[in-house]
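Record features (TrEMBL):
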- 19-404: domain 'Major facilitator superfamily (MFS) profile' (DOMAIN)
- 20-44: transmembrane segment (TRANSMEM)
- 56-74: transmembrane segment (TRANSMEM)
- 94-116: transmembrane segment (TRANSMEM)
- 146-167: transmembrane segment (TRANSMEM)
- 173-193: transmembrane segment (TRANSMEM)
- 223-248: transmembrane segment (TRANSMEM)
- 260-280: transmembrane segment (TRANSMEM)
- 292-311: transmembrane segment (TRANSMEM)
- 317-339: transmembrane segment (TRANSMEM)
- 351-373: transmembrane segment (TRANSMEM)
- 379-399: transmembrane segment (TRANSMEM)
Amino acid sequence: MIARTAQLYRNAFAGLSRDIWLLSLVTFINRAGTMVIPFMTIYLTSQRNFSFRDAGFVMSSFGIGSIVGSLVGGKLTDRFGYYPVQFWTLAGSGLIFFALMQLSTVAALCIGTFALSSVADAFRPANQTAIAFYSRPENRARAFGLMRLAINLGFAAGPVLGGLLAHSLGYKWLFAVDGLTCIFAAVLFRLSLDPKGQEKLIATQEPEPELALPNRSAYSDKYFMFFLLMIVMGAAAFMQFFSSLPVFLKQTYGFSEAQIGGLTTVNGLIIVAMEMPLVYGIEKRLSSLQAVALGNILFALAYFILAGGSYHLLAPLGFMVVLTFGEMLAMPFSSTYAASRAHPSRRGQYMGLYSMGWGLAFIIAPTAGLWVAEEYGFLNLWWAASCLCIISTIGMALLGRMKE
């Protein structure tokens, strides 16, 4: 049994290129400093005394910036390549964190948060494009899975350290440490990855004939646009995890920042332990769209648990476990589907639009979620999130049956 489990883990990590591992290391260092966003709503409402409505505006500014950054990042990636875009966005976002910690008004924080997410999220399409170039079609889901493992391994440490820092030293330390890790990640990226490597890959890589068509714009790909719509629905529900859940846990259960960070860490630890073997086991059994649909079903179930938990202390833990399994299916396979539809020359555009979909969800999630919570209560918010996940599941299933 132990030998079979060990072999499963070896197989799950086998065959990935050196550059994928280096990109993952850079991402891990960057995400280990993720401390601001998980506590942003609490910081705004408790330290700045913002209303739920104003906190929602600031968080939505992050989403608007994410859309701008994703679109611009995709264009810059197709124009200049994924290497310089990744380096400069890492360095730039680190500097913006130091500026953001000095801001105090709603308007200033909206502008600062917009600037931060515009620069930080321009990194995503470049990074996803790099992963697609450094991987093969048969192991692409695992390449995205390894990157997510790095993100979540860092995310497992970041919120816990952030909660402890906020509690013991104050919230400004969250901004400082987040900024420093971004800058350090940029330096490591520049020293460890060859800037000329992208030119060799772009010159030699061929499109994937089963999905990608030469010179096809993502905007004219109706199947991809429908896929994006379903992604936005599921993501808007999933992102209540970041925006509304911390406030719910603090107000309803009386959780401290450290306890909220600890619960969030459960998400990261499960992903670190199980995502790669899970993706390895699923990638030959289900199509990318089937895996995403199954992940959305689990999202819906997670919010059912939260809505029906009658405020039992085990409900948040059950929610987190089920949501995490849904995430491990939906995230890597949705990235794989998006990358697989793109011709290499258009990959930045496709991945930029895919990242934009998540940014749009980030606009919808905090504003709509916190408004529903304030007007109708958290219970109705969780039921609404479940319904969105079910609609997204049905949409993914229909898309899988469509013929081009």
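Placement of Cβ uses the backbone N, Cα and C atoms for every residue, glycine included.
Across 20-44, 56-74, 223-248, 351-373, stretch 223-248 shows the highest tally of CB pairs under 8 A with the transmembrane segment (317-339). Counting same-chain residues at least six beyond the ends of the transmembrane segment (379-399), those with a Cβ under 8 angstroms from any Cβ of the stretch are 223, 226-227, 229-231, 233-234, 236-238, 240, 244, 289-290, 292-293, 296-297, 299-301, 303-304, 306-307, 369, 372-373.
Only residues 6 or more beyond the boundaries of the transmembrane segment (292-311), in the same chain, are considered here, and those with a CB under 8 A from a CB of the stretch are 234, 237-238, 240, 252-253, 286, 318-320, 322-323, 325-331, 333-334, 337, 379, 382-383, 385-387, 389-390, 392-393, 396-397, 400.
Contact between the transmembrane segment (173-193) and the transmembrane segment (260-280) is absent: fewer than three CB pairs lie under 8 Å, with pairs separated by 6 or more positions in sequence.
Between the transmembrane segment (94-116) and the transmembrane segment (146-167) there are fewer than 3 Cβ pairs closer than 8 Å, counting only residues 6 or more apart in sequence, so the two stretches are not in contact. With a threshold of 8 Å between CB atoms, the same-chain residues lying at least 6 positions outside the transmembrane segment (146-167) that come near it are 13, 16, 20-21, 23-25, 27-36, 38-39, 43, 127, 131, 173-174, 177, 256-262, 264-265, 267-269, 271-272, 275-276, 331-332. The stretch in closest packing with the transmembrane segment (351-373), judged by the count of Cβ pairs under 8 Å and taken from 20-44, 56-74, 223-248, 260-280, is 56-74. Counting only same-chain residues 6+ beyond the ends of the transmembrane segment (56-74), those with a CB under 8 A from a CB of the stretch are 37, 40-41, 44, 50, 85, 89, 106, 109-111, 113-126, 243, 348-356, 358-367, 369-371.
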